[in-house]
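**Student:** Handing you this structure, nothing more for now.
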Amino acid sequence: MALFFFLIFESPPKVRLVRGPHRCEGRVEVERNGEWGTVCDDGWNMKDVEVVCRELGCGAAKGTPSGNLYKPLANEKQKIFIQDVNCNGTENELIECDRVEDVFDCSHSEDAGAICEKAPPKVRLVRGPHRCEGRVEVERNGEWGTVCDNGWNMKDVEVVCRELGCGAAKGTPSGNLYKPLADEKQKIFIQDVNCNGTEDELIECDRVEDVFDCSHSEDAGAICEIPETVRLVGGPGRCKGRLEVKHQKQWGTVCKAGWNLSAAKVVCRQLGCGKATLIKRCCNKDTQGQGLIWLSNVSCSGREEDLQHCLSGLEGYNNCTHDEDTWVECEDPFKLRLVNGDTSCSGKLEVLHKGIWGSVCDDGWAKKEEQVVCQQLGCGKPIFVPAKARKKFVPGNGRIWLDDVNCKGEEQSLEQCQHRSWGYHDCNHKEDVVVFCLEGQPDI
């Protein structure tokens, strides 16, 4: 039987946006004979930006800013290739639009800019300690599949890190380090990835898409540095305080205009804190910021992984004052542990809330709940253990934090399961939950 596979080569766009906060915003440049030049903004409008956004695979067109907003400015020796661009807005590429190519009356002070919605990444890292480390998965037609590690190297990881808005590439671990492993039914989408390291997205790299000789034991992994682009300052801990974002290597505040709980959820998730509990203005001069106000009119769905993926006004352009700085409060990071067992994968379940460890009541507790706990701890699957082994755990003392926990079994954290309000229960410590996972099986 003959085996066929194909290398995928995609011609890169003839347009790009440079010096912006992401690849879907910045000063417009077009390519001609291997050289990049700018676009004069004479006649530049939203229809032209619509075409740029479409060609780049970005989201909707949002603005036509001056290219001079994006520093550093174009070098005076760089050519201005086109002016008087006139698109009807339906073209797939800017080169299809009417335009004047003999530019004689424009300077770089008239360079065109474009703002498009940032398209969600087509790659993600799962089961790692944070969004910038884990097993590599790519999206195709709404389905997520893994990447075979044949040929996988640091240049490929560099592209993944860039696409995710993470920091520098740090490693190419096996995807099998990240538990639980990929389900055997999950597809392996690509192999033999070959990036030169300068691409903005993994889909731009050469790759083989008909995978026939890989298994999930060869899934690729990636480690990137975590970029610090968001922080909460002036509060009683890293999860409470005045919101600041980093842009062009400088920290600035965020205006309260348009801010809501959905945006706060994104910030809390990005910081690795618990759920958002409060948003308010700074109360006094001591907690207000100074200097730059970077963002205003931030609009999030609440599902974004990074505040940069939310819509907002152009960085630094607003009429806000520091009286309107945004203040966010998140719960402390959700943590759980198994204590008094033979290993860290067996024992009495405790969860951390408001800095205090407490137990979980076994009302309604079953296999699905144990499955989530074992998965969250990286301890494999739950196992049945006879009552004899469970009885060795002496009833605890102190707080009982959770009761009536109800999981579907697919959650990545026990925090995502339904439960009564923190501290509300009708239990005593004889009902404390005890969990045994496969990697913590006791000697019985």
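In case you wondered, yes, glycine gets a Cβ from its N, Cα and C as well.
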**Student:** Need the cross-check against TrEMBL: the disulphide partner of Cys310, picked from Cys300, Cys330.
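**Tutor:** Cross-referencing TrEMBL, the cysteine bonded to Cys310 turns out to be Cys300.
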**Student:** If you pull up TrEMBL, which of Cys87, Cys106 shows a disulphide to Cys97?
**Tutor:** Cys87
**Student:** Pick out which of Cys205, Cys214 TrEMBL lists as the disulfide partner of Cys195.
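**Tutor:** Of the listed candidates, TrEMBL names Cys205 as the partner.
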**Student:** Measuring CB to CB from Cys97 (disulfide bond), give everything in the same chain under 8 Å that is also at least six residues away in sequence.
**Tutor:** Asp48, Val51, Val85, Asn86, Cys87, Asn88, Glu91
**Student:** If I take the Cα of Cys407 (disulfide bond) as reference, which of the disulfide-bonded residues Cys195, Cys300, Cys310 has the closest Cα?
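**Tutor:** Closest by Cα: Cys300.
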**Student:** Average pLDDT across the domain 'SRCR' (336-438)?
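**Tutor:** It averages 88.
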**Student:** Hey, how far is Cys417 (disulfide bond) from Cys310 (disulfide bond), Cα to Cα, in Å?
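**Tutor:** On Cα coordinates alone, these residues lie 26 Å apart.
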**Student:** Let me know how many other Cβ atoms fall within 10 Å of the Cβ of Cys310 (disulfide bond).
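**Tutor:** A count of 19.
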**Student:** When DSSP states are grouped into helix, strand and coil, how many residues of the domain 'SRCR' (336-438) land in each?
**Tutor:** 21 helix, 30 strand, 52 coil
